[in-house]
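Q: Please see the structure below; I have some questions.
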Amino acid sequence: MAVPGKVAAFRLPPLPTVGEIIKLFRLKAQKQLSQNFLLDLRLTDKIVRQAGELKNAHVCEVGPGPGGITRSILSAGVEQLLLIEKDARFVPGLQMLSEAAPGKVCIVHGDILTYKMEKAFPKHLIKNWEDEPPDIHIIGNLPFSVSTPLIIKWLENVSRKDGPFIYGRTQLTLTFQKEVAERLTANPGGKQRSRLSIMSQHLCTVENCFVIPGQAFVPKPKVDVAVVHFTPLVQPKIQQPFKLVEKVVQSVFQFRRKYCFRGIETLFPESGRLKRTEQLMMTADVDPTLRPFQLSMSHFRNLCNTYRKMCDEDPSLFAYSYREELRQRKKTRNLLKSTSQPEQTEEENQL
């Protein structure tokens, strides 16, 4: 019987090493795609262990590349493995792995940002949201250029319970730049506290598992890499639509080094801005002299709930865009063909 958390159970037949696969198919990491290969199978095994017990599980690996993590996933004894790879150069090497594990591997040449995850797994695996997470895992060594937009997309899927979360609280085990991982897991008051901290932690339990030094990758990136594990919460900490939470959080962190009321002001049109900002902060019971990174999750929950009520009272409020107002103001100023060019405001410079 397999010991939980141990990578064992299924043994691949003798195969060329990952390094030999790279040489055999003349694979080179492409800088424009932010590709970095992880060749040390001890590290790939360690990444896979963070996902939990994978014996007889269904797994989707994002961006398998030359197949290092793929081997560790197969060795964990999974039932089915779906590989989604955008770069066609890697497909022949992945097919070798598929042939070594008959009936277990499905290779999709496609982009994870557009792939329809709702159809990725069998319907019988679906669980109620309140139940334990389904026997489904998503694992990936993500290119740096894709990691942030992808996790934002998946967090929105979590809030709507669609995409890969149509099956229940599907767990994610993904790599990020160390700095991004620190933002995802930062606590109130931490210098890395950011929009990503709130957007991820109000929807998921987020764990920064361990750091992989940059020199472990080929080619070596300029930064270290961290493995982060996400488990969606049964109840989000802020029970408002994703877009509303995102708008409030983005506004708060717009002027990260200033008092939080400076960012909150940008939620409102210039006419009546000060009065509405004071109303929002008083009702939400938020000290206007706190910095954005000092705000707790309950502060953000109160801000979002109060802003929602204000939007219900004034339906045009949610559609208001501070950036668009600045653009229109600049456009109007340019149309006035005055000889003296007025300087940009501080807000325009920052944005």
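Using the three backbone atoms N, Cα and C, a Cβ is placed for every residue, glycine included.
Heads up, here are the entries from TrEMBL:
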type    : residues                                   : note
BINDING : Asn36, Leu38, Gly63, Glu85, Asp111, Asn141 : S-adenosyl-L-methionine binding site
DOMAIN  : 43-234                                     : domain 'Ribosomal RNA adenine methylase transferase N-terminal'
Q: Starting from the Cβ of Leu38 (S-adenosyl-L-methionine binding site), draw a 10 Å sphere and report how many other Cβ atoms land inside it.
A: 21
Q: Consider each pair of residues in Asn36, Leu38, Gly63, Glu85, Asp111, Asn141, all listed by the record as binding S-adenosyl-L-methionine, and report the largest Cα separation in Å as a whole number.
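A: Site span for S-adenosyl-L-methionine, by Cα atoms: 20 Å.
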Q: Under a criterion of Cβ-Cβ distance under 8 Å and sequence separation of at least 6, what residues of the same chain contact Asn141 (S-adenosyl-L-methionine binding site)?
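A: Expected: Asn36, Leu38, Ile47, Gly63, Gly65, Gly68, Ile69, Thr175, Val225.
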Q: Over all shown protein chains, what is the count of other CB atoms within 10 A of the CB belonging to Gly63 (S-adenosyl-L-methionine binding site)?
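A: By my count, 24.
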Q: Give me the count of other Cβ atoms within 10 A of the Cβ belonging to Asp111 (S-adenosyl-L-methionine binding site).
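A: For Asp111 (S-adenosyl-L-methionine binding site), the count of other Cβ atoms within 10 Å is 12.
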Q: Could you tally the C-beta atoms, other than its own, that fall within 10 angstroms of the C-beta of Glu85 (S-adenosyl-L-methionine binding site)?
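A: Result for Glu85 (S-adenosyl-L-methionine binding site): 23 other Cβ atoms within 10 Å.
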Q: Near the Cβ of Asn36 (S-adenosyl-L-methionine binding site), how many other Cβ atoms are there if near means within 10 Å?
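A: I count 20 other Cβ atoms within 10 Å of it.
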